[in-house]
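Features as listed in TrEMBL:
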ACT_SITE  151  active site, nucleophile
BINDING   179, 180, 181, 182, 202, 203, 204, 205  substrate binding site
């Protein structure tokens, strides 16, 4: 039977390898998406996703993530969540709820803590140094503060023809507190339908959600 995964960027390769092995053994797309994205979230040298991600203008790592089941169309998402190790896992659990399935800011972080998700200071020493250097450059050279944005996005297909999609990002470097882009917005950052296909997007969120690019 056919199974497959697609992803944005080289940073997802190791996660994809693990998830593809699970799919080969009959695993479900929903599990594969979470497994692969968590691998990216946990690696500290990717500057645009979770642990090690570059912070906002105040030096806080605020993260967005989303999860969608292509069989049921269930969606869970978080935006502006902080101090939580794996936002994709929070988004996946939220997809089980008919109400309150998209949480933002302090509400998303509180939900994660209340439901036993692991907390973590997501700002690494390396990311803090990059932030400090950017502050210096902005002040000395009168530069625009904004520099750098990427998302890990994935779509999976399992042997039972079930599909799923997920995204995770720490967003635009030096963004204003509370800013979110396309990654957590269905139809812009992601969408999946097991009978048709799926899509995820990466780039500047303000451009992507103006166009609604991830819709099938």
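Note: Cβ is positioned from N, Cα and C throughout, glycine not excepted.
Positions of the features from TrEMBL, shown on the structure.
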residue : record                   : DSSP (3 states)
151     : active site, nucleophile : coil
179     : substrate binding site   : coil
202     : substrate binding site   : coil
Among 151, 202 [recorded positions], residue with fewest other Cβ within 10 Å: 202
Residue 179 (substrate binding site), number of other Cβ atoms within 10 Å: 17
Protein Cβ atoms within 10 Å of residue 205 (substrate binding site), excluding its own: 25
181, 203 as binding-site residues, winner by CB count within 10 A: 181
Number of other Cβ atoms within 10 Å of the Cβ of residue 182 (substrate binding site) across all protein chains: 31
Pairwise CA distance, residue 180 (substrate binding site) versus residue 151 (active site, nucleophile), rounded so that it is a whole Å: 12
